[in-house]
Amino acid sequence: MSDLSPKPKGPLGELLAPVAGFGVTFSNLFRPTVTEQYPFEKVPTKPRFHGRHQLNRYADGLEKCIGCELCAWACPADAIYVEGADNADLPDGAHVSPGERYGRVYQINYLRCIFCGLCIEACPTRALTMTNEYEIAGPTRAGMIFEKEDLLAPLREGMLAGPHPMVEGTEDTNYYRGEVTAPTAAQVAWVREHRPDEPTLETAKTADGATDGGAR
């Protein structure tokens, strides 16, 4: 049987053993520091980083989400809850999103979300994307359930807040192909009639570049 006991190191080996053990520590003493003083210094995220979700809009302000619930079905963590509703139930031909349906309720439970991105791949209209935002911690469990209002992308300058009718003469496919580039004068007039106090009337830009200017 072979002898498995450690071989004696001798006096010099016993003396140098601790030094060898701290070799990695000593070598790092002379390297530049890589500590980031978070949150005062933040490392830029990669372009494809999976952060907080965002519900996107079309150029005229209508929402892209059609309430199909495919994202909820694709989620392996059961973190997404969606309730769809019919645009036909809205008054006077108004739409929240192009087509027949829209997402009436949209929730993401970030206590469950694993940021895998499968919901993004399942979305047929590119309504749901992931931002680079990662600071989503909160003091309560209830606060980690983000509602639709928390996830909706802000209205960019020139957009007209919905609900309002679709661009006249278009179908949902025209929206999907990116053929709608701005609100129309008819949409602005509809919102002015039904919601005269709508703030985005002041900044909405129609397809010809004109602004409503808050006209009454």
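Placed from the backbone N, Cα and C atoms, the Cβ positions cover glycine too.
Predicted automatically and left uncurated, TrEMBL annotations should be read as such.
Positions annotated as domain '4Fe-4S ferredoxin-type' by TrEMBL: 55-85, 104-133. Under the heading [4Fe-4S] cluster 1 binding site, TrEMBL lists Cys65, Cys68, Cys71, Cys123. The [4Fe-4S] cluster 2 binding site annotation in TrEMBL covers Cys75, Cys113, Cys116, Cys119. Taken from TrEMBL, the feature region 'Disordered' covers 193-216. Annotated compositional bias 'Low complexity' per TrEMBL: 203-216, in sequence order.
Recorded features from TrEMBL, shown on the structure.
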residue: Cys65; record: [4Fe-4S] cluster 1 binding site; DSSP class: coil
residue: Cys71; record: [4Fe-4S] cluster 1 binding site; DSSP class: helix
residue: Cys113; record: [4Fe-4S] cluster 2 binding site; DSSP class: coil
residue: Cys119; record: [4Fe-4S] cluster 2 binding site; DSSP class: helix
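Put simply, Cys119 is the one of the binding-site residues Cys113, Cys116, Cys119 whose Cα lies nearest to the Cα of Cys71 ([4Fe-4S] cluster 1 binding site). Compared over the binding-site residues Cys65, Cys75, the count of CB atoms lying within 10 A of a residue's CB peaks at Cys65. Here Cys113 ([4Fe-4S] cluster 2 binding site) is compared against the binding-site residues Cys65, Cys68, Cys123, and the shortest C-alpha distance is to Cys123.
The [4Fe-4S] cluster 1 site is set by Cys65, Cys68, Cys71, Cys123; from the centre of their CB atoms, other residues of the chain with a CB within 8 Å are Ile66, Gly67, Glu69, Leu70, Val82, Gly103, Cys119, Ala122, Pro124, Thr125, Ala127, Leu128. Of all Cβ atoms in the shown protein chains, 18 besides its own fall within 10 Å of the Cβ of Cys68 ([4Fe-4S] cluster 1 binding site).
The two recorded residues, Cys75 ([4Fe-4S] cluster 2 binding site) and Cys123 ([4Fe-4S] cluster 1 binding site), have Cα atoms 11 Å apart. Ranking the binding-site residues Cys65, Cys68, Cys123 by Cα distance from Cys116 ([4Fe-4S] cluster 2 binding site) puts Cys123 first.
Comparing local CB density within 10 A for the binding-site residues Cys71, Cys113, Cys116, Cys123, the maximum falls on Cys71. Cβ environment of Cys119 ([4Fe-4S] cluster 2 binding site): His53, Cys71, Ala72, Ala74, Cys75, Ile80, Leu128 lie under 8 Å away, each six or more residues apart in the same chain. Averaged over the domain '4Fe-4S ferredoxin-type' (55-85), the predicted model reaches a pLDDT of 97. Within 8 Å of the Cβ centroid of the [4Fe-4S] cluster 2 site, not counting the listed residues Cys75, Cys113, Cys116, Cys119, the chain contributes Cys71, Ala74, Pro76, Ala77, Ala79, Ile80, Ile108, Ile114, Phe115, Gly117, Leu118.
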